[in-house]
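These come from TrEMBL:
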type     : residues : note
TRANSMEM : 29-49    : transmembrane segment
TRANSMEM : 69-89    : transmembrane segment
TRANSMEM : 96-118   : transmembrane segment
TRANSMEM : 164-190  : transmembrane segment
TRANSMEM : 202-228  : transmembrane segment
TRANSMEM : 248-269  : transmembrane segment
TRANSMEM : 323-345  : transmembrane segment
TRANSMEM : 365-387  : transmembrane segment
TRANSMEM : 399-418  : transmembrane segment
DOMAIN   : 439-494  : domain 'Kazal-like'
TRANSMEM : 605-628  : transmembrane segment
């Protein structure tokens, strides 16, 4: 293929624009690279990161509130920079901004993984050699005087954790800034360079890649978390051990590099494609042809557009007031905000909830969520769009669909109160056997052992789980033929229940397989119903405001969704999860991450938050539907009145025209 006559419209970098590269200079190839942008972003932000939450908390001693703040920092950066990027890049070479955005996102991923390399190597404090002393292996030792960890306290005290947290925040902010051009400029560029009838298909493929990326991220994370966090280091830990920390950072390294690689290809696209000018002229002719007959409508639209000029900052309050005067828009926006509150909150922590509630390894929890819930969300989104297209729903019908689907979602979410029993941990939420003293880790049976309260290595002895072999009073460790550990001579374990006072590594087994199946079934249906409302809510948003204000209304709604939904969701949900913790890790006198949760409280938080938001969403969607019906009824009455008065009457006033436009667009 020959190089285009206008070098500026050919594919390449600077003066390097060879003819053999021009096959890439098409909208389809731009769609491919932009979809890689979204796919890669979604793998990390919607898959690898949320699935790693519990691992990050364990490794660096963060609470759920802190990781919630960390999650929200991404959306804060995107929200702040979106207007700026849209304004600066709107009249410039959009692919260049997309390329640098993708490169910046890769830099953010690299920054995010830095704490792994600047922190001391992870030490779980467990025995890795059979020749170690009794005090080093966590067993009961009467002569124990040094609990260990003093050197760690000097090197990795509160200041160290603050540094790591700051690096995590910086990484998320940079990544959030990097993703901004993808939404603000990538989609408009794609829309400008293809025919109007194929634009929805391009956007659909783009969105589909994003949803697929989240599923792929969770699946890949399950593999990463099965690898030990310190690559190349031998450890006796297995994934079943509480002290196990999987490789959370490898995904950020791999896909950070992939982002930088794909950004080079995005950088080569021109400001517009060679055929774009001709395409624009053809569509302009079609628009002029279609608008010649309804001349009065055209004049009214021009007058309406002159009423509010978005190029003047002083007209912004007037535009905002006009948009908020449309009650269907107000209530649909409130409902969407609450839906995104649930999506951001549950999306961040649901993998951790599954892991904690049903005693799963983080990798397995991530895998199950990725292959079950996320594909259901994708199917729900497609099905909602299909229903709208098939039934050709207008404004009122779309609002009614939002309400009905929200009601079904509310009923389904109410059944998520499914849980396993909370483990009975001696000295935490249950007393030691034959001991009526207040609940505390120290007991007469382990008082002489001088146990440390910083290294949590639970063992099961009879009906109780003990904080560590030392707290169970165990003085002997045995290796089984399968390589696992068991303990004997445990003074705190009732010998009538376990002969010779035996205990085994890990929490006591809790059988709740049926509950897990029911929970995952309902969890799969919940996002399906939520995302089924995407298309009808989008239609109500656009058709409930005058045509001249639709772009502004959509942008305003996106900002409101971030401010009242995506940003506070993880913070509030994380803080509530912390309140259900019954056992906190402590290091150097500072509270770290949660070791064990009250399963009843955990289920109450999950159901309480989701159901409360869903209920208010149902109310908002009903009110939106109600005011859509009133709007349509008023318009019908006005049409009848105008017909009786005749065509010689004056046209409708400014406010009535806006109302007329919103109803006409829905018909």
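Heads up, residue numbers simply count up from 1 along the chain you see.
Here the Cβ of each residue, glycine as well, is placed from N, Cα and C on the backbone.
All TrEMBL annotations are machine predictions without curation.
Keep in mind that what you see is a predicted model, and the values were worked out from it rather than measured.
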Tertiary contacts of the transmembrane segment (69-89) (same chain, 6+ residues out, Cβ under 8 Å): 45, 49-50, 62, 97, 101, 165, 168-169, 172-177, 179-181, 183-185, 344, 348, 558-559, 562-563, 566-571, 574
Averaging pLDDT over all residues of the domain 'Kazal-like' (439-494) gives 83
Where DSSP helix means H, G or I and strand means E or B, what are the helix, strand and coil counts for the domain 'Kazal-like' (439-494)? 3 helix, 18 strand, 35 coil
Under an 8 Å Cβ to Cβ limit, what residues of the same chain, 6 or more beyond the ends of the transmembrane segment (605-628), are close to it? 327-328, 330-332, 334-335, 338-339, 341-342, 345-346, 353, 395-396, 399-400, 402-403, 406-407, 409-410, 413-414, 416-417, 526, 540, 544, 572-573, 576-577, 579-580, 666
Given the transmembrane segment (96-118), its same-chain partners at Cβ distance under 8 Å and 6+ residues beyond its ends are 34, 37, 40-41, 44, 60, 85, 88-89, 163-164, 167-168, 170-182, 185-186, 189, 229, 248-249, 252-253, 255-260, 262-264, 266-267
For the transmembrane segment (202-228), distant same-chain residues with Cβ under 8 A (at least six beyond the ends): 27, 31, 34-36, 38-44, 46-48, 51-52, 55, 187, 190-191, 194, 235, 237, 239, 244-248, 250-251, 351, 361-364, 366-367, 369-371, 374-375, 377-378, 381, 385
